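Undergrad: A single structure is presented below for examination.
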Amino acid sequence: MATTDLSVHKSSLEDGLKPTSIDIVQELQGSPTDGGSEQEQRPPDQFDDRYCTTKWEIWAYYAYYIGNNGLSLFNFAPTAFQNLLSQAAGDRGTLNFAGRQRSVNSIVLLCNGISFAIQVVVFLVIGSFADFGNWRPNILIVLSVVAYAIGFAWLAVHEADKWHVGVGLYIVGLIAYQTTLTFWTAAFPGLARNTVEMRNTADEYAAGRISREEYDRADSMKRTQLSNVSFYVQSVSELFILGVIVGIMFALNVNASEANNNWGLSVLIAFASGVWLLVSIPWFVLEKRRPGQDPQGNNIIVAGLNQLFRAVKEVWTLKQSLIYLIGYFLLGDSLNTTVTVISTLQNNIVSYNSLELTYVLLAGIAAQAVGIYSFWYVQRRFNLTTKTMFNTVAVAIILLDGWGMIGIWTQKFGFHHLWEIWVYQVYYGLLVCPWYSYSMIMISEVTPRGHEFLFFSLFSIIGKTSSFIGPLVSSAIIDASPTGNNSTPFYFLFALSLVSFAGLAFFLDLRKSQREQEDFLRKKLEGLVQ
């Protein structure tokens, strides 16, 4: 098979598909825009039987996400960390960290920002390995092992005088969680496009019975299905895991003393890590190692950096892709920081009680399962676009920040009461959690075919960059507040969410993006055959 420009065929190679330069030229030049043509036409994707997605592979993919649910390193580890900080700070309420006295919430936000800053470097260094050869599965396995180790290490850190160790576990744990999630997510386009359903759709297109628009719609819906179902399966399974955790908390009698509660949090993190380890094994075994690019004799890291530079350069020629990139940067930053700020407020309200936090999470995860299923059902039932669903989530994020902003001026409302935490968890699960599915689907909507992994790499790095700016700014806002008001970051977050949503709602046009992508590919391919 002769391919003269690997950048054009990158995702196809990684997805196990086999287009050649001539194939795509013929497809672009001869593809009718409306259905009913009986003329033979090449589908955008060609299939290799070796990489056909099986039912067991898909369920193994879902199973990994059941384990990588965030309970260990994203939910309870931050609580354990903040709990130790609070006990170490005592009545003073501050600790010496990073060269000055800081409040507990400020330290948490600063560590969050440091973690995401390191993630940017990690993705620049090892992210390139995921795009060449068969490295991505190996990277996921290694990072997962690091995550398991961090989770089990919390068993040794449950006393206030070890808060310095907690800083390291918290930062490295967040890095391990976020990077494993990214490399796991990177597999879903390949799984979706190698299913039997998409093969049949390609046959329909080749026979002229459906249009290119219908083919692309089927492709989009298949990716949406895989992303949403994985989220739904994870949410339902997480309810059972939390049910077991409640039993463990009672067995440890966490309400009996501060020491028992501290130990309970550490045991909970380790238990969730053990579940993650067990359910991830099928994915490590059953994932088909679909080949990536050949670096063509270049150093893999250099090839990866060149690839990133190319993505940055190419996105400027795709105006709609650039608009979403900017919006994703701003809105993602706002949401990530909002969740962290609310989490610190929540922990103060429930006094770090591990049993109370588990009950609250049960409500949130149940709402999350209902939310993602409802979004997927409504989209299919009314044939709504991905952007419509995405905009719904964006409005929910704005309202969430508005809710928190009210708490700056009054103690009656704005994440100051236990009942608000319960309402927040349900609201977040129903209306905000679908962000984690639809924001990824939107990336695929604005990415030229054949450039998926190139652009996913770019968006991942941009996302991590945005994720450390917000916490650092919010930490500075709290420190600058005369009263140390922990709700003051909501000024910044509300404005950030509103501006980013307005830009996406009024300027992002997915149909125009499709035309830009087609023009981009045509110009690129004409350059290849000259």
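Keep in mind that glycine also has a Cβ here, set from the backbone N, Cα and C atoms.
What TrEMBL lists as region 'Disordered' is 1-20, 27-48. What TrEMBL records for 7-17, 39-48 is compositional bias 'Basic and acidic residues'. Per TrEMBL, compositional bias 'Polar residues' is recorded for 28-38. What TrEMBL records for 107-127, 139-157, 169-191, 231-251, 263-286, 322-345, 357-378, 390-409, 421-441, 453-478, 490-508 is transmembrane segment.
Would you situate these features in the structure and describe their surroundings?
TA: Counting residues 6+ beyond its ends, the transmembrane segment (169-191) has Cβ neighbours under 8 Å at 11, 14-16, 51, 53, 57-58, 61, 64-65, 68, 70, 72-74, 77-78, 81, 111-112, 114-116, 118-119, 122-123, 130, 136, 139-140, 143-144, 146-147, 150-151, 153-154, 157, 223, 226-227, 230, 283, 287, 290, 440, 444, 452-453, 456, 460, 464 in the same chain.
Only residues 6 or more beyond the boundaries of the transmembrane segment (322-345), in the same chain, are considered here, and those with a CB under 8 A from a CB of the stretch are 78-79, 82, 104-105, 108-109, 112, 116, 315-316, 394, 397, 400-401, 404, 415-416, 424, 432, 435, 439, 442-443, 446, 458-459, 462-463, 465-467, 469-471, 473-474, 486-487, 489-490, 493, 496-497, 499-501, 503-504, 507-508, 513.
When Cβ-Cβ distances below 8 Å are used as the criterion, the transmembrane segment (357-378) is approached by residues 71, 75-76, 79, 224-225, 228-229, 231-232, 235-236, 238-239, 242-243, 245-246, 249, 268, 346-347, 350, 384, 389, 392, 421-422, 425-431, 433-434, 437-438 of the same chain, each at least six residues removed from its ends.
Non-local neighbours of the transmembrane segment (490-508) in the same chain are 320, 323-324, 326-327, 330-331, 333-335, 337-338, 341, 387, 390-391, 394-395, 397-398, 401-402, 404-405, 407-408, 414, 470, 473-474, 477; each lies 6+ residues outside the stretch with a CB under 8 Å from one of its CB atoms.
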Undergrad: Could you give the residue numbers and ranges of same-chain residues that sit at least 6 residues beyond the transmembrane segment (139-157) on either side and whose C-beta is under 8 angstroms from one of its C-beta atoms?
TA: 68, 72-73, 77, 80, 84, 126, 129-130, 165-166, 169, 172-173, 176-177, 179-180, 183-184, 265-267, 269-270, 272-274, 276-277, 280, 284
Undergrad: Could you give the residue numbers and ranges of same-chain residues that sit at least 6 residues beyond the transmembrane segment (390-409) on either side and whose C-beta is under 8 angstroms from one of its C-beta atoms?
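TA: Counting only partners 6 or more residues beyond its ends, the transmembrane segment (390-409) has Cβ contacts under 8 Å with 331, 334-335, 338, 341-342, 375, 415-416, 424, 427-428, 431-432, 434-435, 438-439, 441-442, 485, 487-488, 490-491, 493-494, 496-498, 500-501, 504-505.
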